[in-house]
Amino acid sequence: MKILYSLRRFYHVETLFNGTFVLAGRDQETTGFAWWAGNARLINLSGKLLGAHVAHAGLIVFWAGAMNLFEVAHFVPEKPMYEQGLILLPHLATLGWGVGPGGEVLDTFPYFVSGVLHLISSAVLGFGGIYHALLGPETLEESFPFFGYVWKDRNKMTTILGIHLILLGLGSFLLVLKALYFGGVYDTWAPGGGDVRKITNLTLSPSVIFGYLLKSPFGGEGWIVSVDDLEDIIGGHVWLGFICVFGGIWHILTKPFAWARRAFVWSGEAYLSYSLAALSVFGFIACCFVWFNNTAYPSEFYGPTGPEASQAQAFTFLVRDQRLGANVGSAQGPTGLGKYLMRSPTGEVIFGGETMRFWDLRAPWLEPLRGPNGLDLNRLKKDIQPWQERRSAEYMTHAPLGSLNSVGGVATEINAVNYVSPRSWLSTSHFVLGFFFFVGHLWHAGRARAAAAGFEKGIDRDLEPVLYMNPLN
């Protein structure tokens with residue numbers, strides 16, 4: 001066995017670097033990777049790599065179940081979810097479980113069931129992961145050719161891609177079935193302040209669904225993040241389900257065309273880089289969705305969006321001052337613009353003051369007060385309902401401010417409450433993860449392309465200066 005110089009110097013230290021400790025087919029000598037390089041040692045051991053992936057899935061599902069039960073145990077029904085730092089229960093509530101009109105939690109038992117089911121699933125996955133990592137066959141090709149693969153086998157790789165796409169499509173259909181037949185989902189736009197309802201009138205028009213994809217991503221347009229009714233969301237999932245299932249069948253039945261064979265690098269590390277790029281895109285989209293969208297992420301559970309809290313503040317003070325006798329239609333602010341109401345660049349009546357920048361916010365508590373030309377002065381004077389006042393006052397005091405280290409509120413505000421919105425948590429974490437996954441994509445894509453070109457080894461180790469230096473000791 002050839003001992004590396006750096007290993008020989010530390011022969012007295014008992015670590016996995018020592019050649020004495022050998023994991024069959026998983027040591028540095030046979031794989032080129034040391035123990036800390038993790039699954040890189042298993043690149044060509046399909047059975048062991050399966051074990052690693054199943055065990056990883058078990059860890060993910062265990063977190064979901066344990067965190068779910070933790071949130072149930074700490075949940076206080078009298079307080080809104082977003083005041084309690086919850087990130088899982090809002091997702092379950094959005095799916096229509098355990099909630100009623102106005103997003104009020106009526107029953108926490110479905111949440112408990114969800115946690116227990118995830119824990120049980122994680123035990124099954126954990127057992128499977130340990131079995132395949134320690135006891136199962138090292139490679140699957142010989143015994144189970146259907147599950148075996150070689151990374152450079154393009155046809156097999158696209159077949160695996162196809163199977164994954166079909167599973168994603170079926171997952172998409174699960175949401176559609178829940179919304180249509182199994183109790184419905186929570187609709188924040190339901191009259192009177194939100195309720196659980198079955199979706200009856202799906203949007204299936206391709207011009208509407210794909211129109212979202214063609215929108216500008218910037219203000220007033222907002223690309224797919226601008227979706228603001230459940231019919232479009234569930235209809236989009238119908239389209240997505242069919243596209244994924246048919247795309248999956250296509251990839252199973254066909255072989256890659258010549259242009260695709262030339263365009264892609266066909267190696268394990270290349271597939272890793274493609275996957276990381278996809279996850280990075282998902283992370284950035286999720287970040288924007290949870291930050292700006294109050295239909296897929298109802299404010300009753302996640303707290304108001306930033307623009308929503310700002311508009312709620314303007315509305316709350318309009319209500320107060322109108323009661324005190326102010327003429328909100330004509331009062332001037334310090335800049336000479338309207339103090340309570342003004343006009344947008346396109347002529348609609350909007351809230352005045354600093355919140356003017358959020359004039360294109362749409363929120364269920366505000367829309368009933370709009371007419372054909374923006375906010376309707378008549379409705380503002382005669383039609384404001386108590387639930388709208390209560391909700392806007394609540395949202396005004398729960399803006400999604402605060403940092404990842406749980407210090408809530410405006411940094412300059414001496415009376416700030418220590419409140420951090422789940423929107424802050426979820427959008428920041430997904431942005432950060434999206435960024436790191438993108439860096440991982442660049443790293444592995446670079447390595448994969450270099451390997452394909454035949455120069456992945458980096459610096460020639462024979463010429464490395466350290467080899468000619470005296471040992472430190």
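Every residue, even glycine, has its Cβ placed from backbone N, Cα and C.
What Swiss-Prot records for this protein:
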MOD_RES   THR15  N-acetylthreonine
MOD_RES   THR15  phosphothreonine
TRANSMEM  69-93  transmembrane segment
TRANSMEM  134-155  transmembrane segment
TRANSMEM  178-200  transmembrane segment
TRANSMEM  255-275  transmembrane segment
TRANSMEM  291-312  transmembrane segment
BINDING   GLU367  [CaMn4O5] cluster binding site
TRANSMEM  447-471  transmembrane segment
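Between the transmembrane segment (291-312) and the transmembrane segment (178-200) there are 3 or more Cβ pairs closer than 8 Å, counting only residues 6 or more apart in sequence, so the two stretches are in contact. Within 10 Å of the Cβ of the residue listed as '[CaMn4O5] cluster binding site' there are 11 other Cβ atoms, across all protein chains. In the three-state DSSP scheme, GLU367 ([CaMn4O5] cluster binding site) falls into the helix class.
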